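K.L.:
Taken from Swiss-Prot, the feature [4Fe-4S] cluster binding site applies to Cys13, Cys97, Cys195. Taken from Swiss-Prot, the feature isopentenyl diphosphate binding site applies to His42, His75, His125, Ser223, Ser224, Asn225, Ser267. Annotation comment: Swiss-Prot describes His42, His75, His125, Thr165, Ser223, Ser224, Asn225, Ser267 as (2E)-4-hydroxy-3-methylbut-2-enyl diphosphate binding site, evidence class sequence analysis. The dimethylallyl diphosphate binding site annotation in Swiss-Prot covers His42, His75, His125, Ser223, Ser224, Asn225, Ser267. The annotation active site, proton donor is assigned in Swiss-Prot to Glu127.
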Amino acid sequence: MRKVIICSPRGFCAGVIRAVQTVERALEKWGAPIYVKHEIVHNRHVVDKLRAKGAIFIEDLQEVPCNSRVIYSAHGVPPSVREEAKERGLITIDATCGLVTKIHSAVKMYARRGYLIILIGKRKHVEVIGICGEAPDKITVVENIAEVEALTFSTKDLLFYVTQTTLSMDDSADMIAALKARYPQIITLPSSSICYATQNRQSALRNILPKVEFVYVIGDPKSSNSNQLKAVAARRGVVARLVNNPEEITDEILQYSGNIGVTAGASTPEDVVQACLTKLQKLIPTLVVETDLFVEEDTIFQLPKELQ
C-alpha cells in the first residue's frame, strides 16, 4: 500500500514561534502599525497574515517614522542598524533568534581577542549580513570549498569559524573538514553553529529517505533551511520538490509509484502542510498517511521582556 510519510519534527521551530508571536503580541498591545525590519521569517504565508493585521515590513529604517516601534526579524541585524534606530528615537523590540544572537556574541568576543573569523554561509543572506556587521574588518565569508581553498591565512594566525544557522549539515561538514585540514589551529564554538531545529529537520528527512521515492519540501523559495532540506534529499538521489502551497503540487506525482515523503521548513505553518497533504490525498485517494517521529522538540524561547 502506497504511503505518504510525514517527517516529525517539521515546520515552525522555537525561534520562529517566538518571532511570529512577538509581532502578534506587539500588534495586540500597541495596535497597528508595527514596523518590522525585514520579513519576520522567510515565509510568504506568515508575512501576508501579519501584514493583514497591521505589520509593515521594511528594509530601510528611514521608512519608519520617528518614535515608532520597530521589531528586528528572527535573522538579526548588524550593530549599525541598532545605532541608527537609537539615533532616530525608534522604540525597538528584538525578535532575533537566540541561536543567532549566540553567534553574534561569539564573533564579537573572538574579534576582540584578536582572532580572524571565517563565516560559512551565504554572503547575501540577511543573517550573514547581520553577523558580519559585528566585526566587518575581521570576517571572511566562504560559501563553498573552492572559497575555502582560496583563503590566504597563515597557519600561525588566530582563526575562529562559525556557520550560518540554517545551512545543510552535509555541505557545512565538508567545508569545516577543508578548513581544519588547511588550518589545524582553527577553533569554533563548543556546539555546532547550525541550529538544533535545522539539524533535527535534516536528520528526520534523512531517516525516511530510504523508504521513499519522492519528497515534497513545503516551504518558501526564500527560506534557506527549506532549500537545504531539498538539497539533503537530492544529494541522496531522491527526487525532491520545494512547494509553498497546495497549488504547486501537480499530477507530476502520478508518474511515480513509490512512497512519498513530506517535510517542511522551520518557517512553514502547519496549516499549509495540512493543505498540501489534502491535495496529495485528492490526487491519490488510496494514500496511507504515516508520521515518522525522529525526535521530540521541547525548546521554548521566551518573548522579549517588553511583551511578557
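Cβ from N, Cα, C; glycine included.
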K.L.:
Grab the dimethylallyl diphosphate binding residues from the record (His42, His75, His125, Ser223, Ser224, Asn225, Ser267) and give me their largest CA-CA distance in Å.
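P.N.:
The two farthest binding residues have Cα atoms 15 Å apart.
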K.L.:
Going along the chain, which residues six or more apart from His75 (isopentenyl diphosphate binding site) have their CB under 8 A from its CB?
P.N.:
His38, Thr96, Cys97, Val100, His125, Val126, Glu127, Gly130
K.L.:
CA-CA, which of the binding-site residues His42, Thr165, Ser223, Asn225 lies nearest Cys195 ([4Fe-4S] cluster binding site)?
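P.N.:
If we rank His42, Thr165, Ser223, Asn225 by Cα distance to Cys195 ([4Fe-4S] cluster binding site), first place goes to Thr165.
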K.L.:
Other than His42, His75, His125, Thr165, Ser223, Ser224, Asn225, Ser267 themselves, what residues in this chain have Cβ atoms within 8 Å of the centroid of the (2E)-4-hydroxy-3-methylbut-2-enyl diphosphate site's Cβ atoms?
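P.N.:
After dropping the recorded site residues, what remains is Val41, Glu127, Thr166, Lys222, Ser226, Gly265, Ala266.
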K.L.:
Around Cys13 ([4Fe-4S] cluster binding site), which of the listed binding-site residues (His42, Thr165, Ser223, Ser224, Asn225, Ser267) come within 10 Å, judging by Cα atoms?
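P.N.:
Taking His42, Thr165, Ser223, Ser224, Asn225, Ser267 one by one, the ones whose Cα falls within 10 Å of Cys13 ([4Fe-4S] cluster binding site) are Ser267.
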K.L.:
Cα of Thr165 ((2E)-4-hydroxy-3-methylbut-2-enyl diphosphate binding site) to Cα of His42 (isopentenyl diphosphate binding site): how many Å, rounded?
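P.N.:
One finds 14 Å between the Cα atoms of these residues.
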K.L.:
For Ser223 (isopentenyl diphosphate binding site), write down the residues of its own chain that are at least 6 apart in sequence and whose Cβ falls under 8 Å from its Cβ; none is a fine answer.
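P.N.:
Val41, His42, Asn43, Thr166, Gly265, Ala266, Ser267, Thr268 - these are the non-local Cβ neighbours of Ser223 (isopentenyl diphosphate binding site), listed in sequence order.
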K.L.:
With a radius of 8 angstroms around the mean position of the C-beta atoms of Cys13, Cys97, Cys195, what other residues of the same chain does the [4Fe-4S] cluster site pick up?
P.N.:
Ala14, Gly15, Val16, Ala74, Gly98, Leu99, Val100, Thr165, Thr166, Tyr196, Ala197, Thr198, Ala266
K.L.:
Within a 10 Å radius around the Cβ, which one of these binding-site residues has the most neighbouring Cβ atoms: His42, His125?
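P.N.:
Ranked by Cβ atoms within 10 Å, first place goes to His42.
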